[in-house]
Amino acid sequence: MILTAQRLLTTRGITGPGWVRVQGDTIVEVSYAEPPAPGAGPDAEERLDLGDVLLSPGFVDAHSHGGGGAAYTDGTVEAARQVIATHRARGTTTMMASLVTDTVDELARLVGVLAPLVADGELAGVHLEGPWLSRCHKGAHDPDKLVPPTRADLGRLLGTHPGTVRMVTLAPELEGGIEAVRTAVEHGVVAAIGHSDATYDLALEAVDAGATVATHLFNAMRPLHHREPGIIGASLTDPRVTVEVLCDGIHVHPAMVRHAADTCPERLVLVTDAMAAAGAPDGHYLLGPLGVEVTDGVARLVTNGAIAGSTLTLDRAVRFAVQVAGVPLEVALAAATTNPARVLGLDDRGTLEPGRRADLVALDGDLQVAAVVHAGIRLS
């Protein structure tokens, strides 16, 4: 299959016109030369002329809990597939399944449910966001189920289904927190710091121990202060740290989104932190065990009104970053494709290059999704 487009986002930047050749589920050629003439007969190569669009790698969402009315914490393969389909239709061809705080027993059960989807490549992995979080920055997590990390619990959750859990978020100031970072890294798992009151120095200690991600920067952490920069200051200034940013206009002011993009464009990752209402109507939902009311697309806990994830999809996050926050288009797209793939260790996707998985999204002039290709199969 050959896909032609007016512009391509490649490692050379946004250039074009050009075309991409796909065989099976793999990109085999990217070119700016005149595309081959359409063939004839039953063996002719399929050709999709996408027209005046920007052809980008498919989006990679490193942090999402649900969508389409379903959530990964529903605990069924069917619910997980509904989440995946909802986001994939909007250009997200690679997803992590994020799980909120629960008992270790329940989290172990959920990891077991999701393990076959990870093994099949439907999910890139599981992200444990909890239960090892700070009570003072718990956000939309059940405080009764927050616990300090232990090597036994980490070993159970990370080791029972090897390769299933790909990322863990924890608060390094908890008893055993720094050791937990080391344990995660020993298991080949990305260690992220977040939902934390850690100081600047402690954040750097966690990074020295192997942490490489700041979970939804600015949210659920000690605020930035000129005398105590905390995780925010440490993450923005340390080249070892990739920063997640929520681009919905609710969690983070557009000026701070632009500040993060200007400060560390190559380390910026746009995430949705989406809950079940992403791609679904307003109403009552659950985030793990907690009730959530969604009004005008804003999700808040029923109990105290705290923001409870988002209703974002990554195409909307990219549009917000570019059209509202003023982030350069190439930077925003890299933050939704190349950068998250790199930090998650997904070497087979995230760029338009021969040998990469054929995950593509075509965007029109308003950055609306015009077509999606997942693993070489056109979805729309």
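Quick reminder: no glycine exception, Cβ is built from N, Cα and C everywhere.
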Q | Which of H187, H216 belongs with E129, H195 in the Zn(2+) site listed by TrEMBL | A | H216
**Q.** Spatially closest candidate among E129, H195, D273, the listed recorded positions, to N219 (substrate binding site) (Cα to Cα)
**A.** H195
Q. Who sits close to A220 (substrate binding site): which same-chain residues at least 6 apart have their Cβ under 8 Å from its Cβ?
A. H137, K138, G139, G194, H195, S196
Q.
Using other CB atoms within 10 angstroms as the count, which residue among the binding-site residues A140, A308 scores least?
A. A140
Q: Could you round the CA separation between I307 (substrate binding site) and E129 (Zn(2+) binding site) to a whole angstrom and send it over?
A: 16
Q) Near D273 (active site, proton donor/acceptor), how many other Cβ atoms are within 10 Å of its Cβ? A) 29
Q) How far is it from H251 (substrate binding site) to D273 (active site, proton donor/acceptor), counting Cα to Cα, in Å? A) 10
Q: Starting from the Cα of A308 (substrate binding site), work out which of the recorded positions (E129, H216, D273) are within 10 Å.
A: D273
